[in-house]
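**Student:** Pasting a structure here, questions to come.
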Amino acid sequence: MKRSTAASHDPASNGNSVTNFSLSRLFQLSATERQGVTTRRSLRLQQAYERLVAGGESPSVTVPINSPEPHASSDGNESLASSATPNISPPPVKVRRMQVGGNPAALNNRSVGDRLKEKQKDLQSHVTTTEGSSSTAAAAPSTSTTTVALNSSVTTRDKPLSDRQRNTVRVISQYLREIGMTNTVETLTDESGCREEDPLATQFREALEKSDWGTIVEIVDQLKDQIKESSYMTLRVTFLEELLKTHFSSGDLIAALAVLQKEYPRHPDFLDRRKHYGSMLAADADYLKSNFADSIVMTQKSDLLDLAEDLFPPTFLLPKAHGSNGILRDHKCNTLHFPNRTSQIISDHEAEVWVLKFSPNGQYLASTGKSGLIYIFKVLNDRKLAYYNRYMLSDELDGINCLSWSGDSNFIACGSAGNSHFGIFLIDIHRIVDVEFPVQDHIIRLGVEKFTVADFFPSPRQHRIVCADQKGNFTVHDVDHDLSDKGNDFEGLRVNGLYCLKDGRTVLASDTLFRIRSYNFENMTDLTLIEEAHPIVSFTLDSPEERCLITTKSGGIRMWCLETRTLIQTFFGSVHADIVVNACFGGANEEYIASGSEGNNRVMIWKRDEKYPVKYLDGHNGSINAIAWNPHFKNMLVSGSDDHTIRVWSSVPPGSTFVEPVPEILSRVDEDPRDSPVDCEPYLRHASVKY
């Protein structure tokens with residue numbers, strides 16, 4: 001091959017590399033000479049790249065200026081000698097990052113699940129190849145951050161998913177299936193090991209859709225050991241009644257009789273309903289068939305599904321509670337969950353009812369008021385109470401307006417704001433007392449000539465109680481060890497309300513200066529949290545101890561955030577002026593506020609995020625002073641009024657007809673109320689107190 005004329009006359013160019021070649025000298029060459037330099041440089045770079053891929057060393061790339069250059073062939077076209085210059089194929093076209101195989105249409109025709117499965121297979125094959133050629137990987141380590149990140153995604157989890165994480169995955173899977181991403185759900189299930197729903201739950205939904213009540217009852221029986229006894233009985237009776245309605249609508253009275261005799265429970269709580277359906281067997285078959293064939297009589301399946309989703313554990317039946325605007329939606333109570341009817345009227349009190357408090361375990365209700373009598377009622381179910389005990393502290397008391405439960409639900413403490421010289425009384429509710437003469441000589445009395453309010457720390461393993469009054473007395477007592485009179489822990493405070501926190505050392509107290517202050521009995525420090533503009537009538541906290549609900553004399557009911565010490569919401573509609581009216585949290589997730597009212601004799605219920613009531617409960621004939629929401633039965637609410645009655649508010653069971661109950665005096669019973677069954681589980685063992 002002939003050398004270029006310019007190169008042959010330049011002695012400095014012989015053996016020099018492109019990197020050492022003068023840029024100005026390069027531009028002095030002809031166009032043909034510059035093309036030759038560029039072609040030879042590309043050739044050397046291509047050869048170096050091929051040696052690098054083969055695992056060899058990458059030498060320095062030098063392209064001598066005096067190396068052979070292309071020449072013109074006889075036909076006038078430039079070519080390179082085959083012996084010196086191999087064929088150089090152009091580099092492949094770089095695929096864009098978001099393309100799959102360079103075909104964007106292929107990406108749109110496949111689901112996310114398909115692409116995830118293919119990616120997982122590619123990653124697994126890549127990991128296998130990497131492990132099989134560890135020596136090669138050591139010689140040429142990968143520096144791609146994308147490869148490292150993808151490899152880490154197929155690593156096996158060191159820890160199993162928690163229940164909360166598994167339920168979250170199930171909710172996500174349910175939502176993805178609702179919007180049609182089935183393949184993605186299968187991939188998520190395979191990787192997490194979390195099935196969206198139990199196969200038995202799927203069978204339950206199918207049976208409900210087909211009105212196969214017998215199959216549903218069998219499924220409920222299979223889950224008896226996984227749910228509470230009260231939930232099991234409620235579900236079984238509900239679906240057995242649907243089965244009875246089906247038999248009545250078809251005119252099969254023999255099958256209905258068999259259900260009542262063999263399947264329907266003989267529990268006292270369902271005795272009236274059993275008699276009701278039993279009396280229908282004497283009616284004309286055609287009459288029953290025409291009445292029960294009407295679809296209005298049959299309970300809506302959506303209500304039955306809501307009931308099942310509420311009583312079955314979420315690990316079994318995942319609620320279908322996702323709207324089109326997102327995965328989660330606000331809880332909405334229907335007639336199956338919300339207290340909307342009076343299920344019982346109790347007339348044991350002969351004077352105004354001022355205070356109502358459920359025990360922490362939800363098994364007992366304590367009530368007291370102007371008469372000075374303290375009644376203890378036993379909770380039988382979410383609709384009914386039974387008499388348990390009553391106590392008379394002193395004939396000289398003008399009324400009791402302070403009451404607190406111990407953490408183990410065995411003791412109550414009570415006091416009178418108008419009679420500070422009586423002190424605080426501690427009562428063991430399980431001590432048997434004569435109904436006709438309910439005076440208990442062994443009642444513990446804390447303080448003489450002091451203390452009007454008291455509250456227990458919520459720990460179930462000890463009985464520490466804080467007592468205070470408006471005369472500057474403020475101290476803590478350990479009922480199990482020391483009941484002697486002691487000096488004050490904090491001086492000069494005029495306290496009219498107390499709330500002990502779960503930490504066992506902090507107490508919130510309201511005072512006559514319209515403040516809520518925090519007192520630490522461990523390091524003896526205090527801090528002002530809230531300052532109101534109106535006198536504080538009463539206050540309480542929600543279960544997480546994050547929100548404080550304050551009833552003021554003329555400013556309404558106000559909810560504060562304890563962490564930020566800011567006002568969140570003011571609730572309008574109720575009247576609080578001259579009497580003490582209590583308010584409380586309650587309902588599902590404590591999303592509701594309930595309170596009485598002084599003027600309109602109505603129970604008012606608000607949502608926590610709404611200013612105006614969402615529900616009114618009518619029935620009392622006097623001002624409503626006390627409200628309490630059962631911590632165990634979320635659909636059970638009680639109210640006490642100046643009309644001397646206690647009303648139990650509950651939800652109406654599906655398929656039942658509401659009838660206003662008649663007032664009853666529960667303390668006039670012959671049987672021992674301690675023999676009555678309780679639907680809720682015991683909270684903790686009874687603690688012993690030495691007298």
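Even glycines carry a Cβ here, placed using N, Cα and C.
Pulled from TrEMBL, these are the listed features:
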type: COMPBIAS; residues: 74-87; note: compositional bias 'Polar residues'
type: COMPBIAS; residues: 112-124; note: compositional bias 'Basic and acidic residues'
type: COMPBIAS; residues: 128-149; note: compositional bias 'Low complexity'
type: REGION; residues: 1-20; note: region 'Disordered'
type: REGION; residues: 56-164; note: region 'Disordered'
type: REPEAT; residues: 346-387; note: repeat 'WD'
type: REPEAT; residues: 617-650; note: repeat 'WD'
**Student:** By Cβ distance under 8 Å, which residues at least 6 away from the ends of the repeat 'WD' (346-387) in the same chain are close to it?
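**Tutor:** Distal contacts: 230, 269, 393-395, 397-405, 407-409, 412, 414, 427, 429, 438, 458, 460, 580, 582, 622, 625-633, 635-636, 638-642, 644-648, 650-651, 663-667, 669, 673-674, 676-684.
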**Student:** Average the per-residue pLDDT over the repeat 'WD' (346-387) and send me the rounded value.
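**Tutor:** It averages 93.
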**Student:** Just to be sure I understand, if DSSP states are collapsed into helix, strand and coil, how many residues of the repeat 'WD' (617-650) fall in each?
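**Tutor:** Result for the repeat 'WD' (617-650), in helix, strand, coil order: 0 helix, 18 strand, 16 coil.
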**Student:** DSSP-wise, what's the residue breakdown of the repeat 'WD' (346-387) into helix, strand and coil?
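**Tutor:** Summed over the repeat 'WD' (346-387), the classes give 0 helix, 26 strand, 16 coil.
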